[in-house]
């Protein structure tokens with residue numbers, strides 16, 4: 001009884017603190033997550049800083065009723081009518097103060113501006129150092145001319161042509177001949193590299209145009225550092241407000257545009273007879289296979305997540321592993337999943353976690369040898385590059401510069417990954433030191449990462 005009175009008092013105090021609540025600057029409410037693998041519907045909201053959070057239906061109704069004019073009493077009446085149950089002004093105040101405000105959805109009482117620094121997920125395997133290459137407006141202007149490629153008859157024609165190309169290239173012509181031809185000539189290798197970069201950028205327009213074709217609004221295209229390599233990415237977070245079919249089309253749009261690019265390369269070979277275009281076709285095949293892997297945050301990861309109806313697979317690793325410990329109850333993050341979604345996510349976790357841990361352990365075990373070999377190779381590469389430029393061999397010199405950069409990138413990425421790993425482990429140790437060994441980390445919003453690729 002005393003506990004109920006305390007809760008009621010907290011509700012009344014919260015209602016007084018938020019007489020006229022305000023949403024944080026730039027907040028977008030995307031609505032229900034369509035085709036989700038959750039028992040109870042989930043709703044998505046995107047803060048002005050790009051962080052996406054998941055909301056319950058009640059929290060979504062409260063947030064959607066906040067307009068900076070309505071007070072908590074008016075919001076309560078509006079929410080009650082739409083929720084089908086009585087929600088008091090005290091309840092609304094409590095939800096705002098204890099749920100929405102900590103997630104950065106609403107502005108704290110007494111704050112003048114609407115900018116809120118909400119919590120963000122610090123993902124070890126997230127894209128770091130993002131930089132915009134093409135703005136949202138530029139991407140929208142370009143994708144308008146590409147959406148026709150997603151019409152069903154065009155897709156069918158492209159896939160049939162791709163099958164015919166592969167039968168001819170791998171079954172009759174042979175793919176290794178063009179590769180050996182290019183490897184003997186540095187200038188041709190540079191051209192293939194340029195075509196590969198163009199294919200990667202065209203890949204991103206596949207995501208963006210598929211997003212627009214489904215009725216969502218694509219964001220910017222940019223670059224960043226993913227684990228050890230520079231990566232391109234496309235912000236298609238808005239696609240999560242449309243249905244599962246639209247999300248899957250967006251997930252597959254990148255590799256589909258890789259296929260379109262292959263057909264363009266094949267056409268260039270027919271017109272010129274130059275084998276370097278067939279070498280670029282082979283490289284594009286490797287890129288497609290890489291992207292379809294469901295490990296880390298490549299296209300296959302997002303495809304699997306959308307098939308299961310779970311937008312944050314990596315966010316389910318910890319609760320699934322803890323739920324499997326003897327004597328531990330099933331975590332709320334897992335019990336809220338439908339059975340089919342839980343099976344898919346559990347199988348993914350039990351497959352990916354050992355692979356990732358094994359790869360990380362192998363990398364750390366061989367790190368001294370890797371560093372020694374890489375530094376020796378880098379020294380030889382720089383020496384050879386300088387000699388090439390000195391002898392006037394410009395193509396060889398440019399290839400040497402690119403080779404040096406390819407050696408530097410994983411070294412810098414490995415150092416960056418090690419620093420982030422130590423930082424995250426330090427935070428975990430600090431949290432455990434403040435409480436007991438089973439202390440939980442602070443709650444952070446579930447994330448929906450932008451679609452991006454790693455070259």
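Just so you know, the numbers here start at 1 and follow the chain as drawn.
Any Cβ shown, glycine's included, is placed from N, Cα and C.
Per TrEMBL, the feature transmembrane segment maps to 154-175 (among others).
Under the heading transmembrane segment, TrEMBL lists 187-203 (among others). If you look at the transmembrane segment (187-203), the same-chain residues 6 or more away from its ends with a CB under 8 A from one of its CBs are 181, 221, 232, 254-255, 257-258, 260-261, 265, 276-277, 279-280, 283-284, 287, 291, 395, 398-399, 402, 453, 455.
If you look up TrEMBL, you'll see 210-232 (among others) marked as transmembrane segment.
Among the features that TrEMBL reports, transmembrane segment is placed at 252-271 (among others). With a cut-off of 8 Å between Cβ atoms, the residues of this chain six or more beyond the transmembrane segment (252-271) that come close are 149-150, 155, 158-159, 161-162, 165, 169, 195, 198-199, 202-211, 234, 277-278, 280-281, 284-285, 287-288, 291-292, 299, 303, 451, 453.
The transmembrane segment feature in TrEMBL is assigned to 343-365 (among others).
Residues annotated as transmembrane segment in TrEMBL: 398-419 (among others).
Residues annotated as region 'Disordered' in TrEMBL: 434-455.
Annotated compositional bias 'Low complexity' per TrEMBL: 438-455, in sequence order.
Residues 148, 256, 259-260, 262-263, 266, 278, 281-282 of the same chain lie 6 or more positions beyond the ends of the transmembrane segment (154-175) yet place their CB under 8 Å from a CB of it.
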